[in-house]
Amino acid sequence: MRHVMSPLDFSTEELDQLLDLANDIEKDPEKYAHACEGKRLATLFYEPSTRTRLSFEAAMMALGGKVLGFSSADSSSASKGESVADTIRTVSCFAHIAAIRHPKEGAPLVASMASKIPVINAGDGGHQHPTQTLTDLLTIRSLKGRLNNLTIGLCGDLKFGRTVHSLIEALVRYENVKFILISPEELRVPSYIRDDVLRANHKDFQEVIRLEDALPQLDLLYMTRVQRERFFNEEDYVRMKDFYILDKAKMDLAPDHMLVLHPLPRVNEISVEVDSDPRAAYFKQVQYGMYVRMALILTLLEVKVC
Ligand code: NCD
């Protein structure tokens with residue numbers, strides 16, 4: 001039985017197979033419509049979510065399976081003091097696979113150790129978000145045709161943004177990927193990402209403050225929101241929240257081939273006027289998120305479709 005805690009739980013060959021499967025599902029969804037009949041997915045969300053939870057649920061339904069779960073800690077026995085280990089032991093009796101989002105780093109890992117069914121980390125605090133990374137990789141590979149030879153700018157809250165941490169960990173494994181890390185001083189990537197991931201893999205990276213300076217060099221711009229819920233005080237959040245706003249004028253500085261990605265939700269960091277720019281790919285990214293989660297569920301449940 002296999003759990004997914006980080007994108008590194010898959011080799012690059014396995015990732016290629018997973019993304020190939022997702023592309024095949026996109027081409028011919030009918031072929032997969034009954035693949036998970038009789039199977040149940042549990043979504044255990046101790047933190048708010050729109051895309052991740054609903055795309056997991058839509059993915060399981062599109063495979064002919066069923067879903068159950070909760071969407072806030074308040075509506076589960078966590079509010080009575082139950083541990084994640086006891087909750088997953090219980091859920092193992094009802095479901096065949098589970099996706100867990102939790103505000104505490106490592107909570108899905110603790111759950112996986114007590115689980116009888118595959119557990120997927122659907123976001124743990126400011127740590128990792130591997131299924132968003134699968135979504136990002138599928139989007140990049142489908143729209144750019146490659147995962148190597150790319151200059152990617154990651155912009156915004158690089159300290160608390162778990163999607164950024166997972167994406168960097170995944171992309172350092174590809175040839176000639178350069179990173180431009182764009183953030184205010186206070187929101188730079190954590191030192192383990194800088195030292196143990198980027199430097200340890202001898203990756204070319206720069207840290208800059210001005211988005212305008214980076215834009216002309218980029219093949220991809222990955223925008224992120226400032227993670228309000230992880231700040232210790234509201235004043236710091238208010239000072240940081242509008243540090244970057246991508247608008248039409250800034251898009252004029254970017255190459256025609258640059259794609260804009262964002263895990264969403266967006267707050268102010270991308271102006272709505274950018275949505276109609278052909279380079280804006282963040283809503284296509286949402287659609288890819290469902291296909292890749294379908295591929296992931298099939299892979300973890302070892303369901304083969306011929
Ligand atoms: C992200 C998350 O939850 O980390 N959202 C998502 O899953 N698509 C990004 C965010 O909340 O900013």
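Along the chain as shown, the residues are counted starting at 1.
Using the three backbone atoms N, Cα and C, a Cβ is placed for every residue, glycine included.
Unlike curated entries, TrEMBL annotations are predicted automatically.
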Say TrEMBL lists R51, T52, H129, Q132, L264, P265 as binding carbamoyl phosphate: which of R101, R146, R239 is in the same site, per that record?
R101
Euclidean distance between Cα atoms of P265 (carbamoyl phosphate binding site) and R225 (L-aspartate binding site), Å:
7
Here the Cα-Cα span from Q132 (carbamoyl phosphate binding site) to R162 (L-aspartate binding site), rounded to a whole number of angstrom, reaches 9
DSSP three-state assignment (helix, strand or coil) for T52 (carbamoyl phosphate binding site)
helix
Return the average pLDDT for the domain 'Aspartate/ornithine carbamoyltransferase Asp/Orn-binding' (149-299) as a whole number.
97
